[in-house]
Ligand code: CMX
(Lines of atoms letter the chains of each structure in order from A and count residues from 1; the text may use other names and numbers.)
(Lines give C-alpha, C1' and ligand atoms only; values in the text may rest on other atoms or scores of the structure.)
Protein backbone atom coordinates (compact mmCIF):
# COMPACT_ATOMS: atom_id res chain seq x y z
CA UNK A 1 0.00 0.00 0.00
CA UNK A 2 2.85 2.34 0.91
CA UNK A 3 4.18 1.90 -2.60
CA UNK A 4 0.99 3.16 -4.18
CA UNK A 5 0.87 6.10 -1.78
CA UNK A 6 4.44 6.87 -2.75
CA UNK A 7 3.46 6.69 -6.41
CA UNK A 8 0.80 9.31 -5.83
CA UNK A 9 3.45 11.61 -4.38
CA UNK A 10 5.76 11.43 -7.43
CA UNK A 11 6.21 14.89 -8.99
CA UNK A 12 5.36 13.65 -12.49
CA UNK A 13 2.23 11.97 -11.26
CA UNK A 14 0.99 15.06 -9.49
CA UNK A 15 0.15 16.58 -12.89
CA UNK A 16 -1.88 13.58 -13.98
CA UNK A 17 -3.44 13.26 -10.57
CA UNK A 18 -4.91 16.75 -11.06
CA UNK A 19 -6.33 15.65 -14.39
CA UNK A 20 -7.57 12.30 -13.16
CA UNK A 21 -8.07 13.08 -9.50
CA UNK A 22 -11.41 11.40 -9.18
CA UNK A 23 -10.49 8.29 -11.14
CA UNK A 24 -7.19 8.06 -9.29
CA UNK A 25 -8.93 8.28 -5.95
CA UNK A 26 -11.36 5.56 -7.06
CA UNK A 27 -8.52 3.36 -8.25
CA UNK A 28 -6.67 3.93 -4.99
CA UNK A 29 -9.80 3.17 -2.90
CA UNK A 30 -10.40 0.03 -4.93
CA UNK A 31 -6.77 -0.99 -4.51
CA UNK A 32 -6.73 -0.30 -0.78
CA UNK A 33 -9.51 -2.83 -0.21
CA UNK A 34 -7.37 -5.56 -1.76
CA UNK A 35 -6.26 -8.24 0.67
CA UNK A 36 -2.59 -8.32 -0.28
CA UNK A 37 -0.47 -6.41 -2.78
CA UNK A 38 2.52 -7.81 -4.65
CA UNK A 39 5.07 -6.08 -2.44
CA UNK A 40 3.49 -7.43 0.73
CA UNK A 41 3.60 -10.95 -0.68
CA UNK A 42 7.19 -10.48 -1.82
CA UNK A 43 8.19 -9.28 1.65
CA UNK A 44 6.83 -12.55 3.05
CA UNK A 45 8.57 -14.69 0.43
CA UNK A 46 12.04 -13.16 0.66
CA UNK A 47 13.11 -14.68 4.02
CA UNK A 48 11.86 -18.12 2.87
CA UNK A 49 13.75 -17.88 -0.40
CA UNK A 50 16.92 -16.63 1.27
CA UNK A 51 16.80 -19.64 3.57
CA UNK A 52 16.14 -22.00 0.63
CA UNK A 53 19.10 -20.62 -1.34
CA UNK A 54 21.32 -20.85 1.75
CA UNK A 55 20.40 -24.52 2.12
CA UNK A 56 20.86 -25.26 -1.59
CA UNK A 57 24.34 -23.70 -1.46
CA UNK A 58 25.24 -25.61 1.71
CA UNK A 59 23.99 -28.94 0.33
CA UNK A 60 24.87 -28.72 -3.37
CA UNK A 61 27.42 -25.90 -3.52
CA UNK A 62 30.28 -28.18 -4.59
CA UNK A 63 28.30 -30.12 -7.25
CA UNK A 64 29.44 -29.75 -10.86
CA UNK A 65 26.90 -28.11 -13.20
CA UNK A 66 28.85 -28.78 -16.40
CA UNK A 67 32.21 -28.62 -18.07
CA UNK A 68 33.53 -25.79 -20.21
CA UNK A 69 35.48 -26.57 -23.35
CA UNK A 70 37.69 -24.27 -25.40
CA UNK A 71 35.07 -24.47 -28.19
CA UNK A 72 32.42 -23.20 -25.81
CA UNK A 73 34.57 -20.25 -24.81
CA UNK A 74 35.07 -19.32 -28.49
CA UNK A 75 31.46 -20.24 -29.33
CA UNK A 76 29.51 -17.53 -27.54
CA UNK A 77 29.46 -19.53 -24.28
CA UNK A 78 26.68 -21.66 -25.81
CA UNK A 79 25.59 -24.31 -23.31
CA UNK A 80 27.79 -23.10 -20.44
CA UNK A 81 25.79 -23.49 -17.24
CA UNK A 82 26.66 -20.57 -15.02
CA UNK A 83 23.60 -18.48 -14.21
CA UNK A 84 20.72 -18.56 -11.75
CA UNK A 85 17.35 -17.36 -13.13
CA UNK A 86 14.20 -17.87 -11.09
CA UNK A 87 11.34 -16.85 -13.41
CA UNK A 88 11.66 -19.29 -16.29
CA UNK A 89 13.56 -22.28 -17.64
CA UNK A 90 13.92 -23.09 -21.34
CA UNK A 91 13.88 -26.67 -22.58
CA UNK A 92 15.39 -27.20 -26.04
CA UNK A 93 12.48 -29.35 -27.24
CA UNK A 94 9.54 -28.19 -25.17
CA UNK A 95 10.23 -24.45 -25.05
CA UNK A 96 9.73 -22.02 -22.21
CA UNK A 97 8.10 -22.64 -18.84
CA UNK A 98 7.30 -19.64 -16.67
CA UNK A 99 7.72 -20.79 -13.06
CA UNK A 100 7.10 -24.33 -14.26
CA UNK A 101 4.10 -23.48 -16.47
CA UNK A 102 4.04 -23.87 -20.25
CA UNK A 103 2.45 -21.16 -22.40
CA UNK A 104 -0.80 -23.16 -22.87
CA UNK A 105 -0.91 -23.71 -19.09
CA UNK A 106 -0.47 -19.98 -18.51
CA UNK A 107 -3.27 -19.32 -21.01
CA UNK A 108 -5.47 -21.71 -19.01
CA UNK A 109 -4.57 -20.73 -15.48
CA UNK A 110 -3.64 -17.05 -15.37
CA UNK A 111 -6.42 -14.47 -14.89
CA UNK A 112 -7.68 -12.85 -18.10
CA UNK A 113 -9.53 -9.57 -18.54
CA UNK A 114 -13.31 -9.48 -18.28
CA UNK A 115 -14.58 -10.63 -21.66
CA UNK A 116 -11.08 -11.64 -22.77
CA UNK A 117 -9.36 -15.00 -22.94
CA UNK A 118 -5.62 -14.22 -23.12
CA UNK A 119 -3.65 -14.01 -19.87
CA UNK A 120 -3.09 -10.53 -18.49
CA UNK A 121 0.60 -9.57 -18.44
CA UNK A 122 0.02 -8.37 -14.86
CA UNK A 123 -0.80 -11.95 -13.88
CA UNK A 124 2.33 -13.24 -15.59
CA UNK A 125 4.45 -10.65 -13.72
CA UNK A 126 2.90 -11.75 -10.43
CA UNK A 127 3.71 -15.35 -11.34
CA UNK A 128 7.28 -14.47 -12.28
CA UNK A 129 7.88 -12.57 -9.04
CA UNK A 130 6.15 -14.91 -6.58
CA UNK A 131 5.86 -18.28 -8.33
CA UNK A 132 2.12 -18.10 -7.58
CA UNK A 133 -0.98 -17.63 -9.72
CA UNK A 134 -2.63 -14.39 -8.55
CA UNK A 135 -6.30 -13.86 -7.88
CA UNK A 136 -8.41 -11.60 -10.10
CA UNK A 137 -8.36 -9.00 -7.30
CA UNK A 138 -4.59 -9.09 -7.02
CA UNK A 139 -4.27 -8.63 -10.77
CA UNK A 140 -6.73 -5.74 -10.74
CA UNK A 141 -4.68 -4.15 -7.98
CA UNK A 142 -1.54 -4.45 -10.08
CA UNK A 143 -3.28 -2.95 -13.14
CA UNK A 144 -4.40 0.01 -11.01
CA UNK A 145 -0.94 0.44 -9.50
CA UNK A 146 0.81 0.42 -12.89
CA UNK A 147 -1.73 2.83 -14.37
CA UNK A 148 -1.19 5.16 -11.42
CA UNK A 149 2.58 5.14 -11.95
CA UNK A 150 2.50 5.50 -15.75
CA UNK A 151 3.06 9.23 -16.20
CA UNK A 152 6.44 10.25 -17.67
CA UNK A 153 8.34 13.19 -16.22
CA UNK A 154 7.99 16.25 -18.50
CA UNK A 155 11.71 16.26 -19.34
CA UNK A 156 11.52 12.70 -20.70
CA UNK A 157 8.52 13.62 -22.85
CA UNK A 158 10.48 16.63 -24.13
CA UNK A 159 13.51 14.45 -24.79
CA UNK A 160 11.42 12.05 -26.91
CA UNK A 161 9.68 14.92 -28.71
CA UNK A 162 13.06 16.34 -29.71
CA UNK A 163 14.37 13.11 -31.21
CA UNK A 164 14.54 13.17 -35.00
CA UNK A 165 12.07 10.77 -36.63
CA UNK A 166 15.05 9.12 -38.27
CA UNK A 167 16.45 7.96 -34.92
CA UNK A 168 15.50 4.28 -34.64
CA UNK A 169 12.62 3.69 -32.19
CA UNK A 170 14.80 1.29 -30.16
CA UNK A 171 17.46 4.00 -29.70
CA UNK A 172 14.75 6.40 -28.55
CA UNK A 173 13.41 3.73 -26.19
CA UNK A 174 16.82 3.12 -24.65
CA UNK A 175 17.46 6.87 -24.38
CA UNK A 176 14.17 7.45 -22.53
CA UNK A 177 14.77 4.57 -20.10
CA UNK A 178 18.28 5.85 -19.37
CA UNK A 179 16.90 9.36 -18.78
CA UNK A 180 14.29 7.99 -16.35
CA UNK A 181 17.23 7.01 -14.16
CA UNK A 182 16.81 10.54 -12.80
CA UNK A 183 13.88 9.09 -10.81
CA UNK A 184 15.72 6.08 -9.37
CA UNK A 185 14.87 5.44 -5.74
CA UNK A 186 17.53 2.71 -5.60
CA UNK A 187 20.29 5.12 -6.69
CA UNK A 188 19.20 7.67 -4.08
CA UNK A 189 18.93 5.06 -1.32
CA UNK A 190 22.38 3.73 -2.21
CA UNK A 191 23.86 7.21 -1.89
CA UNK A 192 22.28 7.44 1.56
CA UNK A 193 23.95 4.16 2.57
CA UNK A 194 20.97 1.77 2.56
CA UNK A 195 21.72 -1.70 3.96
CA UNK A 196 22.34 -4.53 1.49
CA UNK A 197 19.42 -6.54 2.89
CA UNK A 198 17.11 -3.66 1.95
CA UNK A 199 18.31 -3.22 -1.67
CA UNK A 200 15.31 -5.18 -2.93
CA UNK A 201 12.81 -2.60 -1.61
CA UNK A 202 13.85 0.33 -3.83
CA UNK A 203 14.69 -2.07 -6.68
CA UNK A 204 11.08 -3.20 -6.48
CA UNK A 205 9.81 0.40 -6.47
CA UNK A 206 12.03 1.37 -9.43
CA UNK A 207 10.99 -1.76 -11.34
CA UNK A 208 7.30 -1.10 -10.76
CA UNK A 209 7.69 2.55 -11.84
CA UNK A 210 9.71 1.58 -14.89
CA UNK A 211 7.35 -1.21 -16.03
CA UNK A 212 4.41 1.15 -15.53
CA UNK A 213 6.02 3.81 -17.72
CA UNK A 214 7.13 1.55 -20.60
CA UNK A 215 3.79 1.79 -22.48
CA UNK A 216 3.88 5.59 -22.12
CA UNK A 217 7.35 5.67 -23.67
CA UNK A 218 6.39 3.25 -26.43
CA UNK A 219 3.18 5.17 -27.20
CA UNK A 220 4.96 8.50 -27.39
CA UNK A 221 7.66 7.14 -29.71
CA UNK A 222 5.01 5.59 -31.96
CA UNK A 223 2.92 8.77 -32.14
CA UNK A 224 5.98 10.97 -32.72
CA UNK A 225 7.66 8.83 -35.37
CA UNK A 226 4.68 7.42 -37.24
CA UNK A 227 1.69 9.65 -36.44
CA UNK A 228 3.20 13.16 -36.69
CA UNK A 229 3.18 13.60 -32.92
CA UNK A 230 -0.57 13.07 -32.59
CA UNK A 231 -1.86 13.18 -29.04
CA UNK A 232 -2.42 9.66 -27.75
CA UNK A 233 -5.34 8.66 -25.56
CA UNK A 234 -4.12 9.19 -21.99
CA UNK A 235 -3.65 6.30 -19.57
CA UNK A 236 -6.98 5.10 -18.18
CA UNK A 237 -6.64 4.24 -14.50
CA UNK A 238 -9.39 1.64 -14.82
CA UNK A 239 -7.80 -0.25 -17.69
CA UNK A 240 -5.27 -3.06 -17.68
CA UNK A 241 -1.71 -2.75 -18.92
CA UNK A 242 -2.29 -4.29 -22.37
CA UNK A 243 -5.42 -2.23 -22.97
CA UNK A 244 -3.61 0.97 -22.03
CA UNK A 245 -0.70 0.13 -24.32
CA UNK A 246 -3.14 -0.48 -27.18
CA UNK A 247 -4.80 2.91 -26.54
CA UNK A 248 -1.48 4.73 -26.37
CA UNK A 249 -0.63 3.30 -29.78
CA UNK A 250 -4.03 4.38 -31.12
CA UNK A 251 -5.55 0.88 -31.44
CA UNK A 252 -7.48 0.83 -28.17
CA UNK A 253 -10.89 0.52 -29.85
CA UNK A 254 -10.02 -2.79 -31.47
CA UNK A 255 -10.74 -5.47 -28.86
CA UNK A 256 -8.84 -8.15 -30.80
CA UNK A 257 -5.75 -5.93 -30.90
CA UNK A 258 -6.10 -5.37 -27.14
CA UNK A 259 -6.20 -9.15 -26.66
CA UNK A 260 -3.18 -9.48 -28.94
CA UNK A 261 -1.27 -7.00 -26.78
CA UNK A 262 -2.08 -9.02 -23.65
CA UNK A 263 -0.83 -12.23 -25.27
CA UNK A 264 2.18 -10.52 -26.85
CA UNK A 265 3.28 -8.90 -23.58
CA UNK A 266 2.90 -12.21 -21.77
CA UNK A 267 4.85 -14.47 -24.13
CA UNK A 268 7.76 -12.12 -24.91
CA UNK A 269 8.47 -11.39 -21.23
CA UNK A 270 11.00 -13.99 -20.18
CA UNK A 271 13.17 -16.67 -21.84
CA UNK A 272 15.44 -17.76 -18.97
CA UNK A 273 18.67 -15.95 -18.13
CA UNK A 274 21.22 -16.48 -20.89
CA UNK A 275 19.66 -14.59 -23.81
CA UNK A 276 21.28 -11.26 -24.63
CA UNK A 277 18.66 -8.89 -23.16
CA UNK A 278 18.17 -10.91 -19.97
CA UNK A 279 21.82 -11.61 -19.38
CA UNK A 280 22.81 -8.01 -20.08
CA UNK A 281 20.23 -6.61 -17.66
CA UNK A 282 21.39 -9.07 -15.01
CA UNK A 283 25.09 -8.40 -15.66
CA UNK A 284 24.78 -4.61 -15.54
CA UNK A 285 22.52 -4.92 -12.49
CA UNK A 286 25.21 -6.96 -10.76
CA UNK A 287 27.35 -3.81 -10.62
CA UNK A 288 24.45 -2.33 -8.59
CA UNK A 289 23.52 -0.13 -11.51
CA UNK A 290 19.89 0.74 -10.82
CA UNK A 291 16.98 -0.90 -12.70
CA UNK A 292 16.78 1.92 -15.27
CA UNK A 293 20.45 1.67 -16.29
CA UNK A 294 20.36 -2.12 -16.20
CA UNK A 295 17.25 -2.41 -18.36
CA UNK A 296 18.46 0.24 -20.83
CA UNK A 297 21.55 -1.93 -21.36
CA UNK A 298 19.30 -4.96 -21.92
CA UNK A 299 17.27 -3.00 -24.47
CA UNK A 300 20.42 -2.15 -26.40
CA UNK A 301 21.07 -5.88 -26.68
CA UNK A 302 17.48 -6.58 -27.68
CA UNK A 303 17.97 -4.10 -30.53
CA UNK A 304 20.43 -6.45 -32.27
CA UNK A 305 19.21 -8.24 -35.45
CA UNK A 306 20.17 -11.69 -34.13
CA UNK A 307 17.96 -11.06 -31.07
CA UNK A 308 14.81 -8.89 -30.75
CA UNK A 309 15.29 -6.85 -33.91
CA UNK A 310 14.64 -10.06 -35.86
CA UNK A 311 10.88 -9.32 -35.66
CA UNK A 312 11.49 -6.18 -37.75
CA UNK A 313 13.82 -8.08 -40.08
CA UNK A 314 11.26 -10.83 -40.76
CA UNK A 315 8.74 -8.38 -42.19
CA UNK A 316 11.47 -6.59 -44.17
CA UNK A 317 12.61 -9.91 -45.59
CA UNK A 318 9.07 -10.91 -46.61
CA UNK A 319 8.32 -7.48 -48.08
CA UNK A 320 11.50 -7.65 -50.13
CA UNK A 321 10.56 -11.10 -51.41
CA UNK A 322 7.19 -9.79 -52.57
CA UNK A 323 8.83 -6.77 -54.22
CA UNK A 324 11.28 -8.99 -56.06
CA UNK A 325 8.37 -11.04 -57.39
CA UNK A 326 6.90 -7.85 -58.81
CA UNK A 327 3.28 -8.82 -58.17
CA UNK A 328 3.63 -12.45 -59.32
CA UNK A 329 2.07 -15.15 -57.13
CA UNK A 330 4.21 -16.57 -54.34
CA UNK A 331 4.61 -20.31 -54.78
CA UNK A 332 6.58 -22.87 -52.78
CA UNK A 333 9.20 -22.70 -55.55
CA UNK A 334 9.60 -18.92 -55.30
CA UNK A 335 9.96 -19.18 -51.51
CA UNK A 336 12.60 -21.89 -51.94
CA UNK A 337 14.53 -19.73 -54.39
CA UNK A 338 14.35 -16.74 -52.09
CA UNK A 339 15.51 -18.68 -49.02
CA UNK A 340 18.43 -20.12 -51.01
CA UNK A 341 19.30 -16.69 -52.33
CA UNK A 342 19.36 -15.35 -48.77
CA UNK A 343 21.59 -18.18 -47.57
CA UNK A 344 23.94 -18.05 -50.56
CA UNK A 345 24.45 -14.32 -50.07
CA UNK A 346 25.68 -15.10 -46.54
CA UNK A 347 22.69 -13.66 -44.71
CA UNK A 348 20.55 -15.34 -42.08
CA UNK A 349 16.90 -16.21 -42.64
CA UNK A 350 15.31 -14.00 -39.98
CA UNK A 351 12.86 -15.63 -37.57
CA UNK A 352 14.42 -19.07 -38.00
CA UNK A 353 16.92 -20.84 -35.75
CA UNK A 354 17.62 -20.48 -32.07
CA UNK A 355 20.60 -20.73 -29.74
CA UNK A 356 18.78 -23.16 -27.40
CA UNK A 357 15.51 -24.34 -28.99
CA UNK A 358 15.56 -27.36 -31.30
CA UNK A 359 11.84 -27.42 -32.17
CA UNK A 360 9.24 -24.87 -33.29
CA UNK A 361 9.12 -22.16 -30.62
CA UNK A 362 5.86 -22.47 -28.63
CA UNK A 363 5.72 -18.67 -28.72
CA UNK A 364 5.46 -19.04 -32.52
CA UNK A 365 2.79 -21.73 -32.15
CA UNK A 366 0.57 -19.72 -29.83
CA UNK A 367 0.75 -16.68 -32.13
CA UNK A 368 -0.20 -18.99 -34.99
CA UNK A 369 -3.19 -20.18 -32.93
CA UNK A 370 -4.17 -16.55 -32.35
CA UNK A 371 -3.94 -15.86 -36.09
CA UNK A 372 -5.99 -18.95 -36.96
CA UNK A 373 -8.67 -17.73 -34.55
CA UNK A 374 -8.72 -14.05 -35.47
CA UNK A 375 -7.19 -13.49 -38.92
CA UNK A 376 -7.30 -16.86 -40.76
CA UNK A 377 -7.68 -15.24 -44.18
CA UNK A 378 -5.04 -12.54 -43.85
CA UNK A 379 -2.79 -12.84 -46.95
CA UNK A 380 0.40 -12.16 -45.01
CA UNK A 381 -0.53 -14.78 -42.42
CA UNK A 382 -1.05 -17.27 -45.24
CA UNK A 383 2.36 -16.40 -46.62
CA UNK A 384 4.05 -16.78 -43.20
CA UNK A 385 2.34 -20.18 -42.89
CA UNK A 386 3.58 -21.15 -46.36
CA UNK A 387 7.14 -20.13 -45.47
CA UNK A 388 6.81 -22.35 -42.37
CA UNK A 389 6.16 -25.35 -44.62
CA UNK A 390 9.10 -24.60 -46.93
CA UNK A 391 11.96 -22.87 -45.06
CA UNK A 392 12.83 -25.59 -42.46
CA UNK A 393 13.52 -28.14 -45.23
CA UNK A 394 15.92 -25.78 -46.97
CA UNK A 395 17.70 -24.84 -43.75
CA UNK A 396 18.12 -28.57 -43.08
CA UNK A 397 19.49 -29.13 -46.58
CA UNK A 398 21.81 -26.15 -46.17
CA UNK A 399 23.07 -28.02 -43.13
CA UNK A 400 24.45 -25.25 -40.99
CA UNK A 401 21.80 -24.17 -38.51
CA UNK A 402 21.24 -26.54 -35.59
CA UNK A 403 17.56 -25.57 -35.47
CA UNK A 404 15.68 -25.09 -38.75
CA UNK A 405 12.40 -24.19 -37.02
CA UNK A 406 10.82 -20.75 -36.54
CA UNK A 407 11.26 -18.68 -33.39
CA UNK A 408 8.97 -16.09 -31.79
CA UNK A 409 10.00 -13.34 -34.20
CA UNK A 410 8.82 -15.21 -37.30
CA UNK A 411 5.21 -14.58 -36.35
CA UNK A 412 4.77 -11.43 -34.29
CA UNK A 413 5.06 -8.93 -37.15
CA UNK A 414 2.30 -10.48 -39.25
CA UNK A 415 -0.18 -10.17 -36.36
CA UNK A 416 0.69 -6.53 -35.70
CA UNK A 417 0.55 -5.75 -39.38
CA UNK A 418 -2.88 -7.39 -39.79
CA UNK A 419 -4.35 -4.85 -37.34
CA UNK A 420 -2.71 -1.90 -39.08
CA UNK A 421 0.47 -1.59 -37.04
CA UNK A 422 2.60 -1.88 -40.13
CA UNK A 423 5.66 0.13 -39.10
CA UNK A 424 8.27 -2.60 -38.81
CA UNK A 425 10.91 -0.42 -37.18
CA UNK A 426 8.64 -0.18 -34.16
CA UNK A 427 8.17 -3.89 -33.55
CA UNK A 428 11.16 -4.42 -31.27
CA UNK A 429 9.92 -1.66 -28.96
CA UNK A 430 6.88 -3.84 -28.16
CA UNK A 431 9.21 -6.77 -27.49
CA UNK A 432 11.12 -4.46 -25.15
CA UNK A 433 8.01 -3.43 -23.19
CA UNK A 434 7.31 -7.11 -22.58
CA UNK A 435 10.91 -8.05 -21.80
CA UNK A 436 10.84 -5.54 -18.93
CA UNK A 437 8.48 -7.86 -17.03
CA UNK A 438 10.91 -10.78 -17.11
CA UNK A 439 14.24 -9.13 -16.55
CA UNK A 440 13.04 -6.73 -13.86
CA UNK A 441 11.31 -9.49 -11.89
CA UNK A 442 14.67 -11.26 -11.84
CA UNK A 443 16.54 -8.07 -10.88
CA UNK A 444 14.29 -7.75 -7.82
CA UNK A 445 15.30 -11.29 -6.81
CA UNK A 446 18.96 -10.59 -7.61
CA UNK A 447 18.84 -7.79 -5.02
CA UNK A 448 16.73 -9.79 -2.55
CA UNK A 449 19.18 -12.70 -2.66
CA UNK A 450 22.26 -10.47 -2.58
CA UNK A 451 23.57 -11.78 -5.91
CA UNK A 452 27.20 -10.66 -6.27
CA UNK A 453 29.03 -8.79 -9.02
CA UNK A 454 29.20 -11.01 -12.11
CA UNK A 455 32.76 -11.58 -13.26
CA UNK A 456 33.51 -14.74 -15.28
CA UNK A 457 37.10 -15.64 -16.14
CA UNK A 458 38.42 -14.98 -19.64
CA UNK A 459 41.57 -16.16 -21.43
CA UNK A 460 43.53 -14.93 -24.42
CA UNK A 461 44.30 -17.22 -27.39
CA UNK A 462 47.93 -17.14 -26.30
CA UNK A 463 46.92 -18.32 -22.84
CA UNK A 464 44.85 -21.19 -24.32
CA UNK A 465 47.85 -22.29 -26.41
CA UNK A 466 50.14 -22.09 -23.42
CA UNK A 467 47.70 -24.25 -21.42
CA UNK A 468 47.22 -27.04 -23.96
CA UNK A 469 49.92 -27.01 -26.70
CA UNK A 470 52.16 -30.08 -26.59
CA UNK A 471 50.27 -31.48 -23.58
N1 CMX B 1 19.70 -18.53 -41.33
C2 CMX B 1 20.93 -18.79 -41.81
N3 CMX B 1 21.93 -19.31 -41.09
C4 CMX B 1 21.65 -19.63 -39.82
C5 CMX B 1 20.38 -19.43 -39.26
C6 CMX B 1 19.39 -18.84 -40.06
N7 CMX B 1 18.18 -18.56 -39.59
N8 CMX B 1 20.42 -19.83 -37.96
C9 CMX B 1 21.67 -20.26 -37.73
N10 CMX B 1 22.41 -20.13 -38.85
C11 CMX B 1 23.83 -20.41 -39.02
C12 CMX B 1 24.61 -19.58 -38.02
O13 CMX B 1 24.82 -18.26 -38.48
C14 CMX B 1 25.88 -20.39 -37.91
O15 CMX B 1 26.66 -20.10 -39.03
P16 CMX B 1 28.29 -20.02 -38.91
O17 CMX B 1 28.71 -21.40 -38.53
O18 CMX B 1 28.71 -19.60 -40.26
O19 CMX B 1 28.58 -19.03 -37.84
C20 CMX B 1 25.37 -21.82 -38.01
O21 CMX B 1 24.10 -21.74 -38.67
C22 CMX B 1 25.18 -22.50 -36.67
O23 CMX B 1 24.38 -21.67 -35.86
P24 CMX B 1 23.46 -22.28 -34.71
O25 CMX B 1 24.36 -22.93 -33.72
O26 CMX B 1 22.37 -23.10 -35.28
O27 CMX B 1 22.77 -20.98 -34.12
P28 CMX B 1 23.37 -19.91 -33.10
O29 CMX B 1 23.12 -20.39 -31.74
O30 CMX B 1 24.79 -19.58 -33.44
O31 CMX B 1 22.51 -18.63 -33.44
C32 CMX B 1 20.54 -17.39 -33.87
C33 CMX B 1 21.17 -18.52 -33.04
C34 CMX B 1 19.15 -17.13 -33.35
C35 CMX B 1 21.39 -16.13 -33.71
C36 CMX B 1 20.50 -17.85 -35.35
O37 CMX B 1 19.67 -18.98 -35.48
C38 CMX B 1 20.03 -16.76 -36.29
O39 CMX B 1 20.84 -15.94 -36.70
N40 CMX B 1 18.70 -16.73 -36.63
C41 CMX B 1 18.15 -15.66 -37.45
C42 CMX B 1 17.96 -14.40 -36.61
C43 CMX B 1 16.82 -14.56 -35.64
O44 CMX B 1 15.72 -15.00 -36.00
N45 CMX B 1 17.04 -14.17 -34.37
C46 CMX B 1 15.98 -14.16 -33.34
C47 CMX B 1 16.16 -15.24 -32.27
C48 CMX B 1 15.09 -15.14 -31.22
C49 CMX B 1 15.25 -13.91 -30.38
O50 CMX B 1 16.25 -13.78 -29.64
O51 CMX B 1 14.42 -12.99 -30.47
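Start at 1 and count along the chain as shown; that gives each residue its number.
Backbone N, Cα and C atoms are what each Cβ position is placed from, and that goes for glycine too.
Straight from TrEMBL, the features:
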- 307: active site (ACT_SITE)
- 354: active site (ACT_SITE)
- 409: active site (ACT_SITE)
Could you say whether, by DSSP, residue 307 (active site) belongs to a helix, a strand or a coil region?
coil
Chain-internal residues near residue 409 (active site), provided their CB is under 8 angstroms and they sit 6+ positions away:
308, 310, 311, 313, 314, 350, 351
Residues with Cβ closer than 8 Å to the Cβ of residue 307 (active site), same chain and 6+ apart in sequence?
275, 276, 277, 301
Based on DSSP, name the secondary structure state of residue 354 (active site): helix, strand or coil.
coil
Sequence gap of 6 or more, C-beta under 8 Å: which same-chain residues meet both conditions with respect to residue 354 (active site)?
361, 403, 405, 407
